[in-house]
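K.L.:
Take a look at the following structure, please.
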Amino acid sequence: MDNVPLVIASGNKGKIGEFKKLLDDFPIDLLTQPVGFEIEETGSTFMENARIKAIAVSQATGNLSLADDSGLSVEALGGAPGIYSSRYASSDKQRIEKLLAELKPFSNRKAKFECALCIASGEKVLIEVSGFCEGLITFFPKGQNGFGYDPIFEVSGLGETYAEMDHEKKKHIGHRGNAFKLLIPKLKQLLGSMKK
């Protein structure tokens, strides 16, 4: 059987790169969403936004679509930036600076990353999973790897930020890796059923 086309519902190069590494062993052809394709994220949770994106891209392309909505929730900030993580400011650097400034008056630096994944075919949702990683917000950026808030998110018990980890380590303990651990058996089952 030929590889199954699967469109990644994202224009984020960092996410696309991680998806490609995480799904490297699957009989799928990973495609990116059409250039300039914009989806309004109107959900109130990460999963609702992942669902909206997966359905929209699947309907637009006629292929299976995999969407991720993920972000950072900081306890002292009432869960902010949450679903607005990527829209918190206009660049990664500005987002980090804003978050560190808002967190300055607080001693509680607990945070968690969440990743919601959804695979859709047309308007039908086929798979939904979520993964998490608990940690703390550092006082200043540390590390050169990763993207987004990675330089200020220190994983609980490890003493390293995501940006200080190599891809393999982040894949095994990070929120996206944890979500993919749940997705992979379901994706294998889905692909197996498509062969019949």
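Glycine too: its Cβ is placed from the backbone N, Cα and C atoms.
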K.L.:
Can you tell which of Ser58, Ser65, Ser70, Ser91 Swiss-Prot lists as binding substrate with Ser10, Gly11, Asn12, Lys13, Gly14, Lys15, Phe147, Gly148, Tyr149, Asp150, Lys170, His175, Arg176?
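P.N.:
Candidate in the recorded substrate site: Ser70.
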K.L.:
Give me the CA-CA distance between Gly148 (substrate binding site) and Asp69 (active site, proton acceptor), in Å, as a whole number.
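P.N.:
If we compare the Cα positions of Gly148 (substrate binding site) and Asp69 (active site, proton acceptor), the gap is 13 Å.
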K.L.:
To the nearest Å, how far is the Cα of Glu40 (Mg(2+) binding site) from the Cα of Ser10 (substrate binding site)?
P.N.:
12
K.L.:
Taking the Cβ of Asn12 (substrate binding site) as the centre, count every other Cβ atom within 10 Å, in any protein chain shown.
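P.N.:
That number is 15.
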K.L.:
Cβ atoms within 10 Å, counted per site: which of Ser10, Ser70 has the most, among these binding-site residues?
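P.N.:
Of the binding-site residues Ser10, Ser70, the highest Cβ count within 10 Å belongs to Ser70.
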K.L.:
Counting all other Cβ atoms within 10 Å across every protein chain shown, which of the binding-site residues Gly14, Gly148 scores highest?
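P.N.:
Top count of Cβ atoms within 10 Å goes to Gly148.
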